[in-house]
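TrEMBL annotations:
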ACT_SITE  Y137  active site, proton donor/acceptor
BINDING   11-17, 106-109, K141, 164-167, H180  NADP(+) binding site
BINDING   R188, W203, R210, D270  substrate binding site
DOMAIN    7-238  domain 'NAD-dependent epimerase/dehydratase'
SITE      S108  site 'Important for catalytic activity'
SITE      C110  site 'Important for catalytic activity'
Amino acid sequence: MDKHATVYVAGHRGMVGSAIRRYLEQAGYNNLLLRTSAELDLRNQRAVADFFASERPEYVFLAAAKVGGILANNTYRADFIYENLIMETNVIHAAHQYDVKKLLFLGSSCIYPKMAPQPLKEEYLLTGPLESTNEPYAIAKIAGIKLCEAYRDQYSKDFISVMPTNLYGIGDNYHPENSHVLPALIRRFHEAKEAHQSSVTIWGSGTPKREFLYADDLAEACVYLMNYYSERELINVGTGEDLTIKDLAELVKDVVNYSGKLMFDTSKPDGTPRKLMDVSKLHNLGWKHSTSLEKGISKAYQDFLQHTYVER
Ligand SMILES: NC(=O)C1=CN([C@@H]2O[C@H](COP(=O)(O)OP(=O)(O)OC[C@H]3O[C@@H](n4cnc5c(N)ncnc54)[C@H](OP(=O)(O)O)[C@@H]3O)[C@@H](O)[C@H]2O)C=CC1
Ligand SMILES: C[C@H]1O[C@H](OP(=O)(O)OP(=O)(O)OC[C@H]2O[C@@H](n3cnc4c(=O)[nH]c(N)nc43)[C@H](O)[C@@H]2O)[C@@H](O)[C@@H](O)C1=O
């Protein structure tokens with residue numbers, strides 16, 4: 001990407017979008033195109049087409065989406081499939097119509113079958129049933145991958161699909177119900193410490209395993225892939241290491257310096273038992289993450305303390 005190229009970061013106020021914007025700005029990309037959802041609702045096909053027609057972006061990072069944790073996914077099932085389908089369809093089609101040079105679509109590790117062999121290789125896509133709690137969202141993301149493949153097949157478009165593992169970091173969503181596990185635990189341990197609570201409740205059994213990548217590392221990977229990856233196949237982005245939710249809770253508890261007990265609410269869903277990404281394809285391409293989980297949690301906690309945290 002030329003430093004003066006017109007680069008549209010869709011979802012630039014989100015955790016991932018803001019990290020991509022930070023990375024691009026510090027790398028000297030000085031022609032970024034940014035629109036809030038109030039300025040440009042990506043569910044509005046006409047508004048999206050008019051925006052692409054008038055602004056003519058050359059590169060698109062599609063980091064706008066309806067995003068949430070396991071409970072939000074399982075509660076707002078229709079919203080997660082409808083909003084993600086319509087946003088990606090509008091943006092990917094407009095990118096074709098108005099000759100975008102390259103588009104990077106962000107999926108998620110939940111697209112893989114619930115019981116696929118671990119670690120998850122890109123070729124495992126569509127080889128088995130999905131985890132039910134986030135199936136609507138996963139189907140929308142799989143459709144996004146297929147849209148990029150189809151526009152490459154029919155119109156030779158350089159649209160690539162990037163599959164991140166669970167993410168966390170600056171500007172995460174700290175909503176008590178809708179958030180993902182890591183930000184949820186940061187907030188819950190912090191509030192328990194402030195309120196001198198004797199225990200903190202963790203959802204589920206604590207036995208599922210998850211992999212966590214710091215959002216600013218993902219942003220660096222996205223720019224790297226925008227510059228050096230143009231294959232048809234999706235590509236995983238992660239750390240290649242995972243841990244149990246119980247061990248994650250112990251880690252967050254230590255970072256927040258909370259000294260109470262952990263309780264487990266098994267009425268809440270565990271979701272997929274494990275979804276460790278095979279990141280050998282990405283490593284062979286020449287990129288590897290740099291922020292350790294402990295360092296990243298400390299940075300996220302500092303961000304939580306220093307800024308008015310976001311609830312989405
Ligand atoms: N967080 C995670 O753990 C993971 C996220 N991902 C993927 O990464 C991408 C970004 O996720 P994340 O940064 O966490 O999400 P956030 O919820 O932090 O940000 C989502 C962004 O999407 C924008 N958006 C939502 N609806 C609309 C709309 N109708 N029109 C225009 N913009 C809209 C919002 O814009 P505004 O602020 O202006 O309203 C917001 O900036 C998504 O594709 C997600 O699926 C993948 C794996 C894990
Ligand atoms: C990125 C990924 O994120 C989601 O899938 P998920 O990884 O299952 O998401 P999660 O972070 O919400 O849960 C991980 C695990 O953690 C446990 N857990 C404990 N305590 C809390 C808690 O307080 N909040 C939450 N949310 N989970 C908790 C929870 O019970 C589960 O076992 C989907 O969006 C999916 O589509 C997707 O793409």
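Each Cβ is built from the backbone N, Cα and C atoms, and glycine gets one as well.
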Where the C-beta lies under 6 angstroms from ligand 1, the matching recorded positions among C110, Y137, R188, W203, R210, D270: none
Of G11, G14, G17, S108, L167, binding-site residues neighbouring ligand 2, Cβ under 6 A: S108
Sparsest-packed of the listed recorded positions (Y137, W203) - C-beta count within 10 angstroms: W203
G11 (NADP(+) binding site) CB neighbourhood, other CB atoms within 10 A: 24
Set of same-chain residues at least 6 away whose C-beta sits under 8 angstroms from S108 (NADP(+) binding site): Y137, A138, K141, M163, P164
Among C110, R188, W203, R210, D270, which are recorded as recorded positions, the nearest neighbour of G14 (NADP(+) binding site) by Cα: C110
Secondary structure of W203 (substrate binding site) (DSSP, helix/strand/coil): strand
L167 (NADP(+) binding site) to R210 (substrate binding site) - Cα separation in whole Å: 10
C110 (site 'Important for catalytic activity') and R210 (substrate binding site), Cα-Cα, nearest whole angstrom: 11
Fewest other Cβ within 10 angstroms of its own Cβ, chosen from the recorded positions G14, G17, C110, D270: D270
Residue from G11, G17, C110 whose C-alpha is spatially nearest that of W203 (substrate binding site), among the recorded positions: C110
Local backbone state of R210 (substrate binding site), from DSSP in three classes: strand
When distances run from the Cα of D270 (substrate binding site) to each of the recorded positions G11, G17, C110, the nearest one: C110
In the chain carrying R188 (substrate binding site), residues 6 or more apart in sequence that have Cβ under 8 angstroms from it: P176, V200, T201
